[in-house]
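Chemist: I have a structure here, written as C-alpha cells, and I will follow up with some questions on it.
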C-alpha cells in the first residue's frame, strides 16, 4: 500500500492502524530552528481525542504524543528546537477492542472501505478499519501542529457550521465560542439544537454528517502557482484525503454559480495604509491558484459514519447476501472531531507552499 505521504518540501508520512500497537508520522523538510513544546502538539491532539463527550465515540485513548527524532531538548527540559532532520512522532493505541469486529471479518460494511480495500489488495484489516479508520488522522493533527509554526504568524481555525439538516446562523458567529462547546461551533445558540439532534441519532442507532469551515489568517500573498500547483488545488486535495469527506469548496464555492459576475468579483481599492484593499472575499483568499493575502476560507462535507447499529443489506466475502450490524464504539457524527483534522490539513498545505514559494522567489 503506497501513497502514505503528502507534500513537496514539507512532507508528511503517516503510519499505523486503528487497532495496531501505535500510529504516528514522520515529517521531512521541516526547517531547522522551529521552537515548540510537546504540550503545544498535545493541545491539538486533545481537541481531536475520542471519548471526551457523549457526542463522540467512547473509545478511551489518551493520545499522548512522543517525540522520537528531529529536535533537540533545550535547557528547560520542555522546549525543543528542530534540527532540520526528519521529525518522528508516535502515538500509542491503548484501548483497542478488536473482538467487537469479529463478525464483520467476513462481511462488507455498506459505505465503508471494506469492499474496495479487499478488491484492490486482496486483504483488509477489519479491526476498526485499519488505515481507513479516522484514528489515522491523529497523526495528521500532530504534523499540523508543527506546520502552523512554519508560516510566520499563521492562524488556522475551524468550526462546525452544520450537523445534518441544522445550520448555524452566521450573524451569531463568535470564534470565542468554538472551544466552549463539544461541537466546536461558533454559534452558541445551536449547541442545544445539535445536542438534542445527536442524542436522537444515537438513540436511533444511526449516524449523521456535518459541514466544517476552516479559516486561515495572516497568509502572505503569493503562495501557490498557476495551473498544476494551485494553492486551492492542494488544500482541496488534502481535505478530500480526510476519512469520510465527500465534498470541498473554497470561498463561496458552489454558491458562486448562482451569482452574477459583478456580484462574485472581489473588487479592490487602495487602503489608507497604501496597501491594496479587497472589498469582499468571494474567492476565499485565492485567485488563480495564488494566495491574495486575504483570509483563506475552505469548507468540507463529512458523510455519516458508516459503522452503525441499524441493520443494512450487504454481502460477505463468499458472495452471500447478509444483513450487517456494526458493533463497537463509533462516532454518531464523525464530523465533530474532523475540525482539528481539517485545520491540520490546511496548515500543512500552507507550510508546504510557503517553503516552495521561499525557495523559488526568496
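Quick reminder: no glycine exception, Cβ is built from N, Cα and C everywhere.
Not my notes, these are from Swiss-Prot:
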BINDING   48  NADP(+) binding site
BINDING   131, 132, 133, 243, 244, 288, 303, 304, 305, 306, 307, 329  FMN binding site
Chemist: For residue 131 (FMN binding site), which of the three DSSP-derived states applies: helix, strand, or coil?
Modeler: helix
Chemist: Could you state the whole-number distance in Å separating the C-alpha atoms of the residue listed as 'NADP(+) binding site' and residue 131 (FMN binding site)?
Modeler: 17
Chemist: Hey, which of the binding-site residues 133, 305, 307 is the loneliest by Cβ count within 10 Å?
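Modeler: Each of the binding-site residues 133, 305, 307 was scored; lowest Cβ tally within 10 Å is 133.
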Chemist: For residue 48 (NADP(+) binding site), what is the tally of other C-beta atoms lying within 10 angstroms of its C-beta?
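Modeler: Around residue 48 (NADP(+) binding site), other Cβ atoms within 10 Å: 25.
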Chemist: Specify the count of other C-beta atoms within 10 Å of the C-beta of residue 131 (FMN binding site).
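Modeler: Residue 131 (FMN binding site): 20 neighbouring Cβ atoms within 10 Å.
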Chemist: Reduced to three states, what secondary structure does DSSP give residue 307 (FMN binding site)?
Modeler: coil
Chemist: Counting other Cβ atoms within 10 Å, pick out the least crowded of the binding-site residues 244, 303.
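Modeler: Sparsest of the binding-site residues 244, 303 by Cβ contacts within 10 Å: 303.
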